Amino acid sequence: MKFVSFNINGLRARPHQLEAIVEKHQPDVIGLQETKVHDEMFPLEEVAKLGYNVFYHGQKGHYGVALLTKATPISVRRGFPDDGEEAQRRIIMAEIPSPLGNITVINGYFPQGESRDHPLKFPAKAQFYQNLQNYLETELKCDNPVLIMGDMNISPTDLDIGIGEENRKRWLRTGKCSFLPEEREWMSRLLKWGLVDTFRQANPQTMDKFSWFDYRSKGFVDNRGLRIDLLLASAPLAERCAETGIDYDIRSMEKPSDHAPVWATFRV
């Protein structure tokens, strides 16, 4: 089974990239983040014609996530159990049947956080990671097939930082988000629960592959970016991971998202 995660940075602005992903990868499951479209305005017909069951959880102008599945899910959940009406639309989950049993897929657009001293955004990022941790610990078991994918807005290791050493030090010094010690600790807790970073498992030393590139500084041209889009798998999936990758070809299309799609294939 093949899973693709893509921060599309506006679904209605980039249908050409979604179509290209489907044509090239033929994924079983696609997780989209930052769809930026209210549920009532979601282009359901246009997306469904690509051959998928389509589930979405969005709001006007910001955030928003969607799951596209070949197989009909057993169940779909939008948001965390305790989310109120005011909660940002950032997470969607599904139980997807497979020969391995039902796979719990969690697709998230994790808060960016901005910087350590931001009074709202940084605590919101911490809370989101805590909510996910709580969900894993209370609702799921790590010996079952679980896949968390999405724009997680954290570079797990220094190998995932490609913005230059001076910028790396400056970001740490000024408290800018993406690889602060606190953020690394949140990520570490997820991994300790029983998840594996599929890309890093397959590429333990790779230090020149990234998934986000800044528009303004034309980071993609120079391969200056961060690997912040991840597929984290529990052991039953991780040990069956056949291939992973980051699709630079899709990122190099006309009018692209600032993110590249990331993907993993599992032998199930």
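For all residues, glycine too, the Cβ spot is worked out from N, Cα and C.
What Swiss-Prot says about this protein:
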BINDING   E34, D258  Mg(2+) 1 binding site
BINDING   D151, N153  Mg(2+) 2 binding site
SITE      N153  site 'Transition state stabilizer'
SITE      D229  site 'Important for catalytic activity'
SITE      H259  site 'Interaction with DNA substrate'
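In this structure, the binding-site residues E34, D151 were compared by how many other Cβ atoms lie within 10 Å of their Cβ, and the smallest count belongs to E34. E34 (Mg(2+) 1 binding site) and D151 (Mg(2+) 2 binding site) have their C-alpha atoms 9 Å apart, to the nearest angstrom. Ranking the recorded positions D229, D258 by other CB atoms within 10 A of the CB puts D258 at the bottom. Taking the Cβ of H259 (site 'Interaction with DNA substrate') as centre and 10 Å as the limit, one finds 26 other Cβ atoms among all the protein chains shown. D229 (site 'Important for catalytic activity') has its Cα within 10 Å of the Cα of these binding-site residues: D151, N153, taken from D151, N153, D258. Residue pair D151 (Mg(2+) 2 binding site) / H259 (site 'Interaction with DNA substrate') shows a Cα separation of 9 Å.
Separation of the C-alpha atoms of D258 (Mg(2+) 1 binding site) and N153 (Mg(2+) 2 binding site): 13 Å, rounded to the nearest whole number. Classification of N153 (Mg(2+) 2 binding site) by DSSP places it in coil, neither helical nor stranded. Annotation for N153 (Mg(2+) 2 binding site): spatial neighbours F110, P111, Q112, G113, K125, C177, S178, I228, criterion Cβ-Cβ under 8 Å with sequence separation of six or more.
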